[in-house]
Protein chains: 4
Amino acid sequence: MTLERWRKITEWPVMLAALVYLAVYSWQVLDPGTIPPGAASVVLQGIWLLFAAHYAVSLALAPAKGSWFLRHLHELIIVALPMLRPLRLLRLLTALNILHRVAGTALRGRVIVYVTGGSFLLIYVAALAMFDAERNHPESLITNFWDALWWSVVSVTTVGYGDLYPVTLTGRLIAIALMIYGIALLGVVTATLASWLIQQVAEVEEKSTAATVAHVDQLREELAEFCALMLEQTARHR
Amino acid sequence: MTLERWRKITEWPVMLAALVYLAVYSWQVLDPGTIPPGAASVVLQGIWLLFAAHYAVSLALAPAKGSWFLRHLHELIIVALPMLRPLRLLRLLTALNILHRVAGTALRGRVIVYVTGGSFLLIYVAALAMFDAERNHPESLITNFWDALWWSVVSVTTVGYGDLYPVTLTGRLIAIALMIYGIALLGVVTATLASWLIQQVAEVEEKSTAATVAHVDQLREELAEFCALMLEQTARHR
Amino acid sequence: MTLERWRKITEWPVMLAALVYLAVYSWQVLDPGTIPPGAASVVLQGIWLLFAAHYAVSLALAPAKGSWFLRHLHELIIVALPMLRPLRLLRLLTALNILHRVAGTALRGRVIVYVTGGSFLLIYVAALAMFDAERNHPESLITNFWDALWWSVVSVTTVGYGDLYPVTLTGRLIAIALMIYGIALLGVVTATLASWLIQQVAEVEEKSTAATVAHVDQLREELAEFCALMLEQTARHR
Amino acid sequence: MTLERWRKITEWPVMLAALVYLAVYSWQVLDPGTIPPGAASVVLQGIWLLFAAHYAVSLALAPAKGSWFLRHLHELIIVALPMLRPLRLLRLLTALNILHRVAGTALRGRVIVYVTGGSFLLIYVAALAMFDAERNHPESLITNFWDALWWSVVSVTTVGYGDLYPVTLTGRLIAIALMIYGIALLGVVTATLASWLIQQVAEVEEKSTAATVAHVDQLREELAEFCALMLEQTARHR
């Protein structure tokens, strides 16, 4: 079996498993009383094993193992950090492949869909993980899920009021990941706007300055016409 | 009646209604003692009904209802959220259509006018809504309108000192909307500057490198001249 | 006398007056005990009158008064706000015209020099004005000049720790001006970097894809050569 | 000996010395009990002398001393500020020359490697220097290295919660350097994304609009073909 075939077959099951992981994890964090802790733990561990197996098989099937390993380092990080349990949820971002299908082929449109979808997912997941990491710490400021969600938005926009901030190591690692995403988000928003604006301005101006294919083609047609005329002339002359 | 005609006829009345809404809402929030609460409430509800009717008629007149619905989702959100009363004020941004007329046709100039006008309006409206949402909460930090205005500017620039921040759910939703606008604002400012700078640098350089229409046209003229000369020659020869 | 001649003659005296204003204002704020308050006040008021007269004469000399008024609105704002004494210092930015001379003709180089010089000047002036505005308020957090300078840098970079923030109205107006400059600063830095990067990448690529003047010129030469050859041929033939 | 040869010969020893400096400084700051203070001090002073000598020799060898001095001002600043001991560590950034070799030739790839490597190094060095500067101050908030690291990331992303901030002068100077880098970082991330996006969009569009060398060459070939045909015709005719 080739790597592409393996990835294609497993794409939907992996996405489904990620969604189940998010659902069970959300339930466990948000309403811990109503879920048997053993069951939730078994499901989460099972899906983790599934992802690890998926990664191992993918690596085994890759023709150029070294290059595949380097280009899929993010998958390894997601699989290999069991002590940072909440961060594992970032694997959920693979669910964005669905959005990839919904969006058309226009590059900027696809960037907008990815960034919007990714931001919503990441803000939710970061809030969930932060709430899970902070709620049992005695000095914690983030004591309910709505606070965690509010903190998540304030951090990703780089506003950072400082009314709420993480105090645990896990919480700070989650915050660092979110802040780095925030910088990238600012960059993507700006880049998309700049790209659109530059193109719009260029379109108005290029019409009057740049030599387009149309101009060269027109020139070629005139040349061909003249060529035909000349050949006709010399032939008639002979 | 076509959709365009309906939108054209109703454009100015809708804008006027939005301005009245802002005025009455400002009065009600900033000086609640001098306005009969019943009267203010009737005017605000009436304008809300008017906007809802305007949206419904627009949708009914649209030839492709699905596509119109998707492209005007923001109008539905503005009309359909009665529990988030202050956020409804965002419909005021339709007043920017006036600015659209004032500004010339240059794209970058229009972007600057939109962003400046939109920022002033949004900062004012967000401060008003925030003050309305927070002032009756016991733990509120934003206790007068000037504080709300200060908070609004600090948030939209993503500085976020943290001396003032919302504590109610409505306040936080308003803050989230404002922070998202802040990210977009940063993006638009950067994109406009980048577009201007890239164009200025390109103008200096393009003169010496890119093939312009002028060059191709000159070539065509030379070709036409040669063509005429050749035809004359062969004709004389015959 | 024409407007250009007037502006050219008065450029250096106005700049000198602005520098004297900054020096006297700095002295008055930083070491109020060693300066006779009457003398400082007289100098500052005198320079203010000088600027007001300069603005009035410029407006009187302008051929198109309306258009000049609109394009020099920032000068009016600087002259016309006596109640916001510290903000008047922003007129110091006219001193940047010196930098304009130092920098070469390359646009990006000039942008870098302007932004760096303007940032240093604005951070210092904002700190000075903030210290002057806040130091006598009982709840003030900014109680010495180094604190004001630190606050100024933290605000202009949009970091906003919130350890220090203005509490007076004047202080908040200064902060708003500085934060708006901070957004513009972020935009200019990004735009300059983007413009540089896009040009570097384009230079590598354009060599192999875009039709340059050189190509069209080469084509024209070949055409001229062919034209001469044909004319020679037909002439010899006759 | 020429300047280039001197710089080439000393490149690796200087880099090694910088790494030793970082290692000894880290050890001295993070675990002061286990290192003889005299030994650490001797090594750090020795490396400082080495860097000063390297700078002096470079300047002496430079053919155009004035221009070299201006373009290497950052080296002088790193060497010449003994009272700001921690800031001297910024010389470590010369170690990025290693990364320069690892990265390929693609400009954007090199920018990404530089920015990622430089960010990690600067965040670590700033945290180390901040911890060293703040830990002995009675009002200090940054009392362990993990706090300093957390503060460093929060500052460089311009989030600035304000839970931790420097209170000493040295600490504030380090923070200012880090915040300026944060602004530049935002700019570089955005510029790289914008450059990539603009190129991707341009590639799709240029195929259908801009006159490429291929088009002009095709035209030239057709002209040459016609030229040969005409010459053949007239020759046969004669």
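Using the three backbone atoms N, Cα and C, a Cβ is placed for every residue, glycine included.
Those TrEMBL annotations? Automatic predictions, nothing curated.
Residue ranges C:86-104, C:143-161 are listed, and TrEMBL annotates C:143-161 among them as transmembrane segment.
Of the ranges C:12-30, C:42-64, C:143-161, the one with the most Cβ pairs under 8 Å to the transmembrane segment (C:111-131) is C:143-161.
Residue counts for the domain 'Potassium channel' (C:122-198) under DSSP, helix first, then strand, then coil, are 55 helix, 0 strand, 22 coil. Long-range contacts of the transmembrane segment (C:42-64) within its own chain (CB-CB distance under 8 A, at least 6 residues past either end) are made by residues 1-3, 6-7, 10, 14, 17-18, 20-21, 24-25, 28, 72, 75-76, 78-79, 82, 88, 91. Mean pLDDT for the domain 'Potassium channel' (C:122-198) in this predicted model: 89.
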